[in-house]
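Here it is, the structure in full.
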Ligand code: KG4
Ligand code: ZN
């Protein structure tokens, strides 16, 4: 048991500037008191992707006002905050510097402890804030920068079971959209186009299906999409719809195999030993908005006796509530705060034991 905690969270690792105040009650329950997110989508859309320099400048311009707004909505002053949690990696270094330096300045001025939080830990612990999930559980993180299957054993205790060896899943959606002439960000555009399409028309590859490891690969799929589109030149709307539907079907098959293997491994390691009476799979990241992905994961979980937990979309995508919550969990678990010398880290695997995979995380900035 730990006293109620109120934590200020700051998130600036990519293209969302966010601030939040979260309460952790003495029984470990969480409540978001104030939460603001400012998306930079418009600033970047003309470039078809996030431009680091533009992102960093936008964070500088917005962050102070957003922190004030989050505190106002929460109805608390800085004096009433117990600690500050700021994302210090992984992500775009310019943005990380802005958020972490701001967190340090507030910590210094108020004398409160600072937690330099790993952005991935924020995603990993969100399901405890939203659904009060108990350890251990499995998390699938699918965003523009990451595709990882992570075993969440406890606060600060993570094992990366699988990762992408090339593109992240959101990146595969974005690149596919780009080469079909669909707008950025590509995920929602591909999903929309796929609705009218025939998922059987193209038999796209499903890389690594059947592989004993739990890793992912999506660049071959993207290449196959390019070849299909080039062979049809000029592509019609019907062709685009069919390509998108077939692309999503290949992804669904891939996830079923890869994540299915992960769930079976989890069962063998924990549920069988009586350690996870109600095994659960949590999804996080922007691609969690995708209906096909949710349906695939839900039916997989139903078939294997898992609870499927999909936090509200605003908490699946980047936000500061998850960072504040991770800080609260660290504080409540008695983990030490970080010093004012904490450094931002553009790369920072959640599982320090995990081997870097060759070719992975090329974009590596977004989580
Ligand atoms: O977690 P997120 O908001 O941010 C970063 O990675 O920074 O994820 C964004 C990614 C983008 O690649 C976007 O195309 C993808 O999530 N995405 C989707 C959908 N909505 C967003 N992918 C597939 N279907 C969607 N409906
Ligand atoms: Zn993220």
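Numbering starts at 1 and runs along the chain as displayed.
Just so you know, glycine gets a Cβ as well, placed from its N, Cα and C.
This is the feature table in TrEMBL:
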type	residues	note
BINDING	119, 123, 318	Fe cation binding site
BINDING	141, 142, 143, 144, 145, 174, 187, 191, 290	substrate binding site
DOMAIN	32-325	domain 'Gcp-like'
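Neighbours and distances for these, please.
In the three-state DSSP reading, residue 318 (Fe cation binding site) counts as coil.
The local packing around residue 145 (substrate binding site), expressed as other Cβ atoms within 10 Å of its Cβ over all shown chains, amounts to 26.
Per-residue confidence over the domain 'Gcp-like' (32-325) averages out at a pLDDT of 95.
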Measuring Cα to Cα, how many Å separate residue 143 (substrate binding site) from residue 123 (Fe cation binding site)?
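Between the Cα atoms of residue 143 (substrate binding site) and residue 123 (Fe cation binding site), the distance comes to 11 Å.
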Given the binding-site residues 119, 123, 318, tell me which ones have a C-alpha lying within 10 Å of the C-alpha of residue 141 (substrate binding site).
123
Can you tell me which of 119, 123, 141, 143, 187, our binding-site residues, come within under 6 Å of ligand 1 at the Cβ?
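Checked binding-site residues vs ligand 1; flagged 143, 187.
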Work out how many Å separate residue 318 (Fe cation binding site) and residue 145 (substrate binding site) at their Cα atoms, rounded off.
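Spelling it out, the Cα of residue 318 (Fe cation binding site) and the Cα of residue 145 (substrate binding site) are 12 Å apart.
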Whole-number Å only: compute the distance from the Cα of residue 123 (Fe cation binding site) to the Cα of residue 145 (substrate binding site).
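Here the two Cα atoms are 13 Å apart.
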Using only the residues recorded as binding substrate (141, 142, 143, 144, 145, 174, 187, 191, 290), report the maximum Cα-Cα distance in Å, whole number please.
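Per the listed residues, the maximum Cα distance equals 19 Å.
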